[in-house]
Structure formats: structure tokens, C-alpha cells
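Here's what TrEMBL has on this protein:
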- A:3-277: domain 'FAD/NAD(P)-binding' (DOMAIN)
- A:314-381: domain 'NADH-rubredoxin oxidoreductase C-terminal' (DOMAIN)
- A:418-465: domain 'BFD-like [2Fe-2S]-binding' (DOMAIN)
- A:480-529: domain 'BFD-like [2Fe-2S]-binding' (DOMAIN)
- A:554-619: domain 'Nitrite/Sulfite reductase ferredoxin-like' (DOMAIN)
- A:629-768: domain 'Nitrite/sulphite reductase 4Fe-4S' (DOMAIN)
- A:CYS637, A:CYS643, A:CYS677, A:CYS681: [4Fe-4S] cluster binding site (BINDING)
- A:CYS681: siroheme binding site (BINDING)
Amino acid sequence: MEKLVVIGAGMASGRLLEHLFDAAPGAFEVTLFNAEPRGNYNRIMLSPVLSGEKSYAEIVTHDDDWYAQHGVTCRFGERVVNIDRDRKIVVGENGEVPYDRLVIATGSDAFIIPCPGHDLPGVIAYRDLDDTNKMIDTCGKPGARAVVIGGGLLGLEAAAGLRLRGMDVTVLHLSGHLMERQLDAAAGYLLRADLERRGITVMTEASTKAVRGTDAVEAVELEDGTMLPADLVVMAVGIRPSVAVAKAAGLTVNRAINVDAQMRTSDDSIYAVGECVEFAGQLFGLVAPLYDQAKVLAATLLGDDAAFMPKQLSTKLKVTGCDLFSAGDFAEGPGREDIVFRDPARGIYKRLVIEDDRLVGAVMYGDTADGNWFFGLIKDETDISDMRESLIFGPAYQGGSSVDPMAAVAALPADAEICGCNGVCKGQIVEAIEGGATDLGAVRATTKASASCGTCTGLVEQVLAATLGDDFTLPTAQPVCGCTDLSHEDVRRLIKSQELKSQPAVWQELGWSTPNGCHVCRPAINYYLLADWPVEYKDDPQSRFVNERKHANIQKDGTFSVVPRMWGGITSASELRAIADVADKYDVPTVKVTGGQRIDLLGVKGEDLPAMWADLNAAGMVSGHAYSKGLRTVKTCVGTDHCRFGTQDSTGLGIRLEKYLWGSWTPHKVKLAVSGCPRNCAEATCKDVGIICVDSGFEVGVGGAAGMDLKETEPLVKVATEDEAVEWTVASIQLYREHAKYLDRAYKWVGKVGLDWVRETLSDDVERKALVERFDLSQTIYRTDPWAEHTPRESASRFAPLTDLTLEAAE
Amino acid sequence: MSWIDLGAIEDVPLRGARVVKTPVGCVALFRTAEAEVFATSNTCAHRNGPLSEGIVHDRKVTCPLHNWVWSLETGEAQGADEGQIATYPVMVENGRILIEGDSVRKRNAA
Ligand code: SRM
Ligand SMILES: Cc1cc2nc3c(=O)[nH]c(=O)nc-3n(C[C@H](O)[C@H](O)[C@H](O)COP(=O)(O)OP(=O)(O)OC[C@H]3O[C@@H](n4cnc5c(N)ncnc54)[C@H](O)[C@@H]3O)c2cc1C
Ligand code: SF4
Ligand code: FES
């Protein structure tokens, strides 16, 4: 009988032996080595073992009887240390075994991030039964905390299992959304929301710096300094094919052991199967292709013809209640088109990717019933041109209907707040409607909803329409853009009341019809999110107009202009010298005094920006945000310091305000001015906020402008002290930040909500102070100089070309 | 076909772009989804706006100067505008971005 030695008793070799014994019982005398002290079991079912849904006994695939019946010599708990190909001998830890043919099925090793502390007790991978048992043991400790590094399939299954056993679990993930290799951002968002509902904390863009502890794990430290206390750290960041033995034996190994379509290695009597192989440049990490390989290898060993062919793969996550499905390829390559379907009410998202009338990829969350049907279309490369219209609705659907524009509002729960001013929820409005209030006026009268600032009017009307059906005709509100039917005001309101804190949350919960918005809605949504959730939301530069991404104004020839801040219009000889120096150094064609009391350097080359900023920073100057929907300038006049008419320190107040407000983002630009007397040399009466100093105090006006519309400020309040003037100014700007539609200048917003409402709101001492507090909180994050964040070297990547192929061609 | 390595996929921001200088002029290299890249001329056919500075959405870019929207796949102007920009074959392999070499080489008038 031929001697067959198998290294590794894993999922691939288990399947191989089954095929072999079925087809030709007694053809081989088999010796089976396994480093784990046990035989073949269903590794993928470790997750149900961890969560307690299954026991180890239930997942064993081959037991002692089976091995005995087929005459397999089991050498479990013994690692193979060497292969002597000349003598055709396998060397195990406990001795040698000769072979006629040899199968390597060593699988993979879990990758451990080599950060400081990675070898502390309590840091484990998630690969085998021992790891699983260690996790289960730690769960027994009351109040135990686990940090799972890696938000892919394995990490999330570990996290869900640990959580089910009562642990406090945090998942750290390096990229922007979970399972980014299988899911797009929208499905990743829904998955995250589901996990958070189970009490798992998810941190994305979290990079691990070190594991801390003296004798055992105590905490995980992140790159940004955050410390997360931990009794257990599970690293689930990836796997590496286990190829040490094959390499040492001199077999051809690239990223894994190279095999041909018959699973032969570079040595005629040695074969490999499973995760340890590389075929046609491809690696494998799911069982479906390994089973195909096992079948092919069994045929090869028995002298039959068979060839391995990699197929499309689909993925499911084995976390009970998280319904996701992904298959095929949903990125890469031109010529593709998306079909997106969202149902916010039921938390459903589906996206199909089509190329040349064929389905090439599918991502689904919430409702995955049609997953296998789509997967079939992908695998069979079915021509879908006939069913394109209704494709996304699945095999059962005929005909196809458009998505209901009111779905987002209809989906809101009864306790969703609709009117922020008066704290009215959807349920109260529905109740009023059912009680006979069947138009806007009646709803206003009974509930006060939309009776104050009025920005929620659109939402109230949508609730009316959703409740009354055909009995109510919806006035046509201007939607944000083609990606949604909701107006700006509706979106703002819903972001607040539904606590939507990320772009994918907005796209999904409000039923956006595009994968990630467009150039019209994305900057608006980015602003709303950062204004409402300054701490939780991270500003997205890719959702900003080029000026706010490059921190300079783009010019018609693609160059930029640079305006440093000159607080309140005051400068000094050394600042002017520094400006002159950079003008010389970077060949600036034009230096101009602006209408905003500062100096503009025009015609700067994009790649010079970071270096120029560094020079200006060194001279103590910061960005003037001449490009931003944010605080621009605070113009002042010379005031009491020099002027014979000055009544208050207008220059000082202007500088104080500029230093307080700079860096803040607003719906449109915000300009201020402070004049020292009613002669108004700083032109304060045509600014978004303008202050006129008088003998008895400060007159604060709002809603002025001198651009396309010429608007005089309207008097807001008169106060006695400078502190009060600052408080009212800041509070009014915060009110504007929280309520206005993106790209509405302050005067337009005041025109919509009414000066009376603004004044009334700000007159409430508690509310005014709360507005200032919220502004201050936001400023802890945004009062920073964007120029200082871009050191010349680090920014090379954003401001200079990626490569220069003209040089290469010249050679 | 010869493919030229331009750099790592991470060098281009998600929903962003980088410029590549080539003998046929500046090419804008866009990244849309995690691993999806496109290359087009960096020059807007309207009035030469730098397209790499535009907002990238879906598989389109909006020119920063006057908001013309271009398809990254076909190079066609979208909506009511009419025009065409050049596109170049690119692909991602093992995390590297490759561009088809002949497409960016100066052609001799033969
Ligand atoms: C540089 C400057 C002109 C100058 O040389 O003085 C200027 C230049 C531009 N202004 Fe202005 N404005 C400048 C003061 C003003 C003023 C005067 C003032 O602030 O006292 C006004 C009228 C006051 C007002 O804003 O109400 C003004 C009203 C506008 C408007 C109309 C705004 C409106 O709501 O109607 C725009 C268009 C816009 O913002 O959408 C605009 C837009 C622009 C842009 C950013 C056009 C653009 O989008 O590219 C110009 C950039 C030129 C460039 O390439 O650098 N600029 N602009 C001034 C810079 C001030 C500063 O130091 O930051
Ligand atoms: C928790 C978990 C959940 C999973 N869930 C899924 C899923 O849902 N779907 C899916 O498709 N896949 C899943 N997988 C992946 C799947 O389990 C693997 O793809 C599969 O087990 C690989 O099979 P293999 O035979 O190549 O290697 P393995 O099953 O890893 O077997 C290799 C064996 O070789 C032994 N070995 C290694 N080196 C030596 C040596 N020198 N001497 C002796 N023995 C050695 C190892 O101890 C090991 O027992 C999951 C994996 C894990 C860990
Ligand atoms: S007035 Fe018009 S042309 Fe002059 S700087 Fe302002 S926007 Fe430009
Ligand atoms: S230059 Fe591109 S839109 Fe005008």
C-alpha cells in the first residue's frame, strides 16, 4: 500500500480524506499529523462555541472511531518540523515517518501585530479551540473587559460571542467602516448600528500603538493616546499562510505554497491543499474553494483527471441577527453602474453592481433572502438586461415601482422630535391630526409644531401627508438636490432628532438615492454633521469645495491666493516683512490689500502652499480663512486709541471677537465689523454681525450684507458692557450655525425665521448661555490653524503630483 | 500593453484625486470606492479647470471652477452640458495603481 502522509488535520485535509476513502478505500496507508492536540473539527463553527450556542463535541467532524475504521495513524499534538525530500521522510517532533506521497495542509497562522506588549498574557489570536477556550475562561471574570483588534469577519464574530457571554467589548478597526473588504460604507454603517445596539463599542480609524500591562494585559493604547482598559485582547487582524515547513524543504513558495491546478507543488510527490496554497497568484481564506481543492487533490492522488478553478465567493457573517451578504466584486474597473435600494424603516440596504448587462457584485444588509439568487446571477454571468428595472426587488418581484419619497418620514418612530423649538414629537402631531387637525394651521394651533422658527414646516407637512394619505396634497418643497426628496430644513431637523452622526447614517436613514451624494448635498451634509455633532463627527475634506480642502482660494488659472489673518486689521512691521519675504521667495505675482482689511498674496502655485504657510506660521501668522464658509474678517476702526470721536475700544473688541470666533464653520461666510462711533468707519451696518459703539454701550445688529444684495443690519440688542456684546454676538452666530440652511447668508436666514424669533430666543438668559457653551465646545475642536496642520513634508502627498512620468519618458 | 506603476492605492485619498504628470499632459487619478480608480485628463473641457481638485461623487467628478460634472468612466459631460475629456486605462493590482503605458506616451504622427 502506498504511504500517504498528511501534515495538518484541518478543514481541507478532513475533506480530502473523506473523498479518498470514499472513492478508493484501502488505497493508502495514511499518517495524519496535527499540531493541535486533536483531530479534524469544523473550525468555522468556533464562533457558535464561543457564544455558547454550540459545544465543541457538536463541531467535531471526524472522531477516533472514524480514524480507526480507515486505518489512519493519528499523530495529534505533534508538529512536523522538517521534510527530508531526498530520503522522502517527514520529521515530526516525536520521530520520522517515510512517505511515498505527501500532502501539506497546514492552513494559516493568525497574524499578531508586533506592537509593544503583544506577547503579554491575555493577548490572543482567534484561530483554534484553545483560543476559544481562553476567551470563554476570561468571560467568567466579573466585569471583564475585552478589546478586539480588527473589525473583519473574525473580529466581529469574536466580539459578538464575548458580548453574549456578558463581557464589556470594544472593537477597534483601522479603516473607516467595518468589514471593508466585504461591505461598502452603507452596509458597514448598518452593521455597526446593529452591533452597537447589542452593547458593543465600535471605534473606526483606530490604530493600536501598544498593549500595556506588567504581568498581564491591562490596557490597549491607541496612536491618539486613548487608553482602553482590557483584561483580554483578541487580535483578529488577518492571517498568514503557514508555509515554514514547505519553505525549509525548498519547495517553491511565493506568498504561499505554489501549486498547479492539480494541487501539485514544485516536487512531484508533494501536494498542498487549503489556506497554505497559492494558485495563479491567488490566496484562499474561506472554506468553499478549499473544499473544491480537496476534491481535485483526491482525484489527482487516485490518478484521475481534475483541475481546480477558483470561483466567485460570497460572504455571510455568523452573528445571529446581523443579516448581511456580500458577493462578487463591488469595486474596481470602469464601465460599471450601481442600483441602490434603501428602506430606512426596516433598516434595509441593497446595492447591485452591473457591468455589460451582467451582475458582478451584490451587497445586502437587513434583508438577505435574495442573496443566493443574486449570487447565482453573478456566478452564471446571466444577461440581466430584461429584468434590470426590477432586479433589485429580487426574484419574486414583477413590474417594479419607484421608491416612496415619503418613506423617510413615514419610517420615523412616534417619539422622533419634529419641532425643536417647542419639543413636539411625531406622535403628538399624528394624534392631533387624528383628532381633526387636518392642515398646517390646525396642527400649529393644537401642538405648536412649526409655530416658532418654522424651519420644520416641511416635516410637519410630510407627517400630515403620511397620516392623511390622499386627503392631503403636499406643497412642493425644494429638495436639497436630486439625491433626495427632503429639503435642507427637513434634513437638518432629522439629523438632530434621529441623532444621525455620520454620512452613511444620513444616506441610509433618510433614504438617499445615490451611494454617497453629489457635489451639491455632500458639502451641506458635511457641514450639518460637524455643526450638530462637533465631537462625534469627523470633518470630511473630500466633501468640501477645493478652497476649503486646500485652505486657499482657487484662481481661474488653477493657482491659489493666500490671505493670512490680521486680527482686527492690525498688523506690524515684522508681519509685513514676513509677507514681503514670502512674496519674494515664492514669486508671488500680485500682492493686494483686500476689502477685508488684510493682505492677499495672489497667484501662488499649489505645490508651494505648505512651504509658504510654514514660513507665515513661523512669523506668527495663521490662515485668514478667506476661502471658508466660516468666520472671515472682523473689520475695525481705530476707536478710542486714536480717534477724537471714539467711544469704546472698537479695535480691541474686534480683535477679541476675531480671536474667539476664528476657525468656526458656518452655513455661509460670516463677516463682522466693530465701529467706534455712529460715523461707522468700519462699515459695521452691512455685516453679518455689526457692532456700533456708543457712549452708553454697544449696539449689536445682525443680518447685514453688501454683496449681491445690499442689506443694512437690523438692530438685535443694545447692551452696556463689552462682555455682554461678545456673549450676544457668539450666541447669535451659534443660533445661525444650528438652524440655517447651508449657503444661506445670515440675512437670508433671519428673513426666513424672523428677527423677532431670533431676538426672543437670544433674550432667554439660559438659552443664550447654552448657545455660547455649544459654540465653545465646537471651538475646542475647530479653533485650529489648518495651515499649521500641513507640514511641508507630510503634505507633499496632497499638494504635489503623485508621479512624474515625463521624466521617465525623457530617459 | 505595458502597465506603469504609479504608486500605492493609499496615496490617493478616498473620494479624492492626485495628479500624474505625463508626456500627454496632466492626468487626474481618481479613487472612488475603497479600491476603485479612474484616470482622466486633469483639464476641464469647459475652461481648463483642474479636475483633480473637484468633488468626487459616485463615479463622477464636479469641476471646481463652474460645476460641470464629468463621468470618470466615459469622460462624457453629464446633464445639460456637452463635452468630452480623455480617459486612460488604469487598474489596481496588489494595492498598486497601474496605468496603461501607451495611452500616456506621445504619439508620433505617422
Ligand atoms: C479678495 C477680496 C477682494 C479684494 O481684493 O478686496 C474678495 C475676493 C473674492 N470674493 Fe469677495 N472678496 C473680498 C471682499 C468682499 C467684500 C467686502 C468686505 O468683506 O467688506 C464683499 C461684500 C461684503 C459682503 O460679503 O457682504 C464681498 C462679497 C463677495 C460675495 C457676495 C456675497 C453675498 O452674500 O452676496 C462673493 C460670492 C460668495 O461668497 O458666494 C464673494 C466671493 C469672492 C471670491 C472668493 C470669489 C470666488 O469664489 O472665487 C473672490 C476670491 C478672489 C480670489 O481668487 O482670491 N465676495 N467680498 C476681498 C477679501 C476680503 C478678505 O480679506 O477676506
Ligand atoms: C473562528 C473562525 C471562523 C471562521 N468562519 C468561517 C466562515 O464562516 N466561512 C468560511 O468559509 N471560513 C471561515 N473560517 C475560515 C476557515 O476556517 C478556514 O478557511 C479553514 O479552516 C482553512 O482550512 P485549512 O485546512 O487550510 O487549515 P486549518 O483548518 O487551519 O488546518 C490546518 C491545521 O494544520 C495544523 N498545522 C499547521 N502547521 C503544522 C505543522 N507544521 N505540523 C502539524 N500540523 C500543523 C494546524 O494546527 C491546523 O490544525 C473561519 C475561521 C475561524 C478561525
Ligand atoms: S468683485 Fe467679483 S471679480 Fe472682484 S474679487 Fe469679488 S468676486 Fe472676484
Ligand atoms: S472650467 Fe470646468 S466647469 Fe468651467
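Glycine too: its Cβ is placed from the backbone N, Cα and C atoms.
Listed in sequence order, A:CYS643, A:PHE645, A:GLY646, A:THR647, A:ILE692, A:CYS693, A:VAL694 are the same-chain residues six or more apart from A:CYS677 ([4Fe-4S] cluster binding site) with CB atoms under 8 A from its CB. Only sequence-distant pairs (6 or more apart) were considered; of these, fewer than three Cβ pairs between the domain 'BFD-like [2Fe-2S]-binding' (A:480-529) and the domain 'Nitrite/Sulfite reductase ferredoxin-like' (A:554-619) are under 8 A, so the stretches are not in contact. Cβ neighbour count within 10 Å across all protein chains ranks A:CYS637 highest among the binding-site residues A:CYS637, A:CYS643, A:CYS681.
Secondary structure of the domain 'Nitrite/sulphite reductase 4Fe-4S' (A:629-768) per DSSP, as helix, strand and coil residue counts: 58 helix, 36 strand, 46 coil.
Counting Cβ pairs under 8 Å to the domain 'FAD/NAD(P)-binding' (A:3-277), the top-ranked stretch among A:314-381, A:418-465, A:554-619 is A:314-381.
What surrounds the [4Fe-4S] cluster site, by Cβ distance within 8 Å of the Cβ centroid and not counting A:CYS637, A:CYS643, A:CYS677, A:CYS681, is the set A:VAL638, A:GLY639, A:PHE645, A:GLY646, A:SER650, A:SER675, A:GLY676, A:ARG679, A:ASN680, A:ALA682 from the same chain. Taken together, the residues in the domain 'BFD-like [2Fe-2S]-binding' (A:418-465) have a mean pLDDT of 84 on the 0 to 100 scale.
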